[in-house]
Amino acid sequence: MRPSRRGLLLGLIQLHTAHAFYLPGVAPSSYDKEQLVPLTVNTLTPSISREDAQLHAVVSYDYYHPAFRFCAPEEGPKWVRESLGSILFGDRIRTSPFELKMGVNESCKAICPGKVMDEKSAQFVASRIEQAYKVNLLIDGLPAAEVAEDLTTGEFFNSPGFPLGRVEDDGKTKILYNHWDIVIDYHKTTLAAGKYRVVQVLVQPSSTAVNRYIEPQKGACPNGGPLVLNENGGQTITYTYSVYWRESTMAWATRWDKYLHVSDPSIHWFSLISSTCFALLLLALVSSILARALHKDIQRYNRLDNINLDDLNGTSAVDDDVQEDSGWKLVHGDVFRSPRYPMLLSVMLGSGAQLFVMVGFTVAFALIGFLSPSNRGFLTTVSLLLYTLLGFVGGYVSARAYKTYGGENWTLNMASTPFFVPGIVFTMFFLMNLFVWSKGSAGAVPLTTMLALVGIWFFISVPLSIAGSWFGFKVPVPDPPTRVNQIPRQIPPGPSSLRPIPSILLTGILPFCAIFVELYPILTSLWTGRIYYMFGFLFICYGIMILTSACTTILLVYFLLCAEDYRWQWRAFLGSGMTGVYVFIIALWFWVTRISFGGLTGAILYVGYSALIGFLVFVLTGSIGFVSSYWFLFRIYGSIKVD
Ligand SMILES: *[C@@H]1O[C@H](CO)[C@@H](O)[C@H](O)[C@H]1NC(C)=O
């Protein structure tokens with residue numbers, strides 16, 4: 001049972017791994033014997049501490065932050081070209097002075113020997129060690145990793161990065177790892193003779209107090225007790241490294257597999273199945289309730305119409321009370337009445353549609369293996385690009401919605417669609433970046449990247465959105481199936497469960513439950529830099545979320561209309577959008593349970609990014625709820641006769 005289940009699981013989540021790596025831009029590099037293999041360095045990132053299983057910081061630091069005393073190349077480190085998404089996600093990749101020659105073992109090589117720590121730097125490094133910061137090296141584009149064990153399954157996998165140091169059991173003494181044993185596995189290619197490829201990089205950091213650079217011995221490094229970081233400064237620090245090349249049978253195409261580890265896949269798998277069942281059950285429930293109720297309603301309404309006709313001809317004698325209509329038909333003259341703030345609603349709907357298509361495409365791309373982990377930040381780049389290009393869809397949907405509700409101020413609608421939601425997102429992003437920047441962390445997005453973002457936004461997204469709006473206003477909108485009456489109907493007091501707040505809170509909870517399974521892994525990968533790749537799960541989750549959002553919102557709208565309350569538009573949007581608020585709340589819960597960090601910057605960053613994600617989910621799910629309800633109303637009012 002176990003292997004087959006696992007096989008299925010792997011098939012689903014690693015659909016892409018088999019062929020993802022032959023894409024243009026990620027072609028394998030082959031090296032001759034003794035050819036230099038590039039080692040680049042990335043930022044130091046916080047990781048989950050081993051003692052309390054919590055994350056103690058969120059900002060990352062540049063590798064060449066002077067306090068670390070890491071060695072830079074003589075001519076100064078150079079930036080390695082990166083994609084936009086990679087930069088936005090905090091990668092800052094630069095060259096290094098390490099010299100790794102394919103197949104040539106080195107032992108105890110010192111780089112920039114004898115750097116002296118001052119007090120401030122020593123304290124800085126000590127607190128980074130305390131917060132379990134990791135060093136991130138890339139060798140031939142492959143992250144140097146540590147072997148980690150999954151405690152639940154006992155499996156070993158590669159966890160990118162290795163610790164900067166460790167804290168001794170007394171909780172005070174900090175040991176700095178100043179020696180790195182780099183173990184590289186290489187594979188002999190069968191295509192060309194004498195060509196080798198890097199397939200795995202493991203680093204085993206250690207600490208030694210002896211200044212080994214003075215007299216490197218052959219074979220083994222001298223061992224002189226750990227290097228205890230002196231927090232008063234004045235200490236001489238030398239970083240050394242050894243390189244061991246091992247021949248391996250691992251093929252280049254599978255070199256990422258060990259990094260893509262699902263912690264406890266069976267739990268993941270079962271919760272996904274249960275939420276799928278839950279969603280399907282909900283769908284069945286909603287559709288059967290609605291189908292039966294609606295069928296009866298529609299039949300009754302249409303029968304009454306016939307009776308009315310007979311009545312006029314004087315051939316029928318039916319009790320008066322049977323003719324009395326009730327329920328949703330009564331509000332036929334008001335359901336398509338324009339809601340309050342049609343401008344705001346249509347602008348959000350436009351952005352929601354844009355997000356909807358973007359997420360769909362991104363997840364589908366990832367699923368078919370278009371976005372491999374070897375292309376750093378590709379996922380973010382692709383989604384940004386898609387969002388930009390889909391500006392057309394945003395403008396179109398916004399214009400259509402606005403036109404449907406008889407909006408007059410077309411220019412304002414055209415202008416605000418590309419600026420409202422992206423403007424909120426960008427402003428928040430910019431403000432958070434100011435905080436990071438003020439802290440001197442490497443996580444701050446460089447000004448040039450910011451300008452590039454603004455450029456893409458203004459010169460590609462805005463024109464596309466305006467073109468979409470123009471098009472949307474040109475195309476005639478279909479007439480609603482029932483005409484809107486001149487005078488709004490009186491709304492009778494409804495049951496308490498349909499009051500705005502409880503109904504909105506309830507509607508969002510179901511879609512949220514459906515995506516809850518996937519949220520924890522996403523949050524973990526977001527804040528700890530673990531590679532996220534379970535796109536099969538994500539794809540299913542996205543489908544379930546759409547389904548549950550649509551179902552619950554339709555149900556809410558149906559109940560509202562049965563209570564003769566026709567103000568459904570905002571209720572549907574907010575009710576479905578509540579999912580975003582729950583996502584924000586769960587992110588805060590994640591903070592409480594998994595993260596413990598002091599400092600205002602970390603807290604602001606965390607809350608800020610969580611709010612940003614929550615806001616986007618709000619706009620997305622809100623739009624799904626609204627559009628599905630609108631479709632539903634079109635259907636049901638189209639099937640009854642109204643004089
Ligand atoms: C390099 O070191 C590895 C690991 O100790 C060893 O297996 C390999 O034979 C060494 N290679 C050479 C050329 O000495």
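Using N, Cα and C of the backbone, Cβ positions are placed for all residues, glycine too.
So that you can see what the record holds, here are the features copied from TrEMBL:
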- 1-20: signal peptide (SIGNAL)
- 269-294: transmembrane segment (TRANSMEM)
- 347-371: transmembrane segment (TRANSMEM)
- 377-399: transmembrane segment (TRANSMEM)
- 419-438: transmembrane segment (TRANSMEM)
- 450-473: transmembrane segment (TRANSMEM)
- 504-523: transmembrane segment (TRANSMEM)
- 535-561: transmembrane segment (TRANSMEM)
- 573-592: transmembrane segment (TRANSMEM)
- 604-633: transmembrane segment (TRANSMEM)
| task | With Cβ distances under 8 Å as the criterion, find the stretch in 269-294, 419-438, 535-561, 604-633 that has the most pairs with the transmembrane segment (504-523). | result | 535-561
| request: Would you mind listing the long-range same-chain contacts of the transmembrane segment (419-438), meaning Cβ under 8 Å and 6+ residues beyond its ends? | output: 59, 347-348, 351, 444-445, 450, 453-454, 457, 461-462, 601, 604-605, 608-609, 611-612, 615-616, 619
| field | For the transmembrane segment (269-294), distant same-chain residues with Cβ under 8 A (at least six beyond the ends) | value | 5, 9, 510, 513-518, 537, 540-541, 544, 547-548, 551-552, 554-555, 558, 636
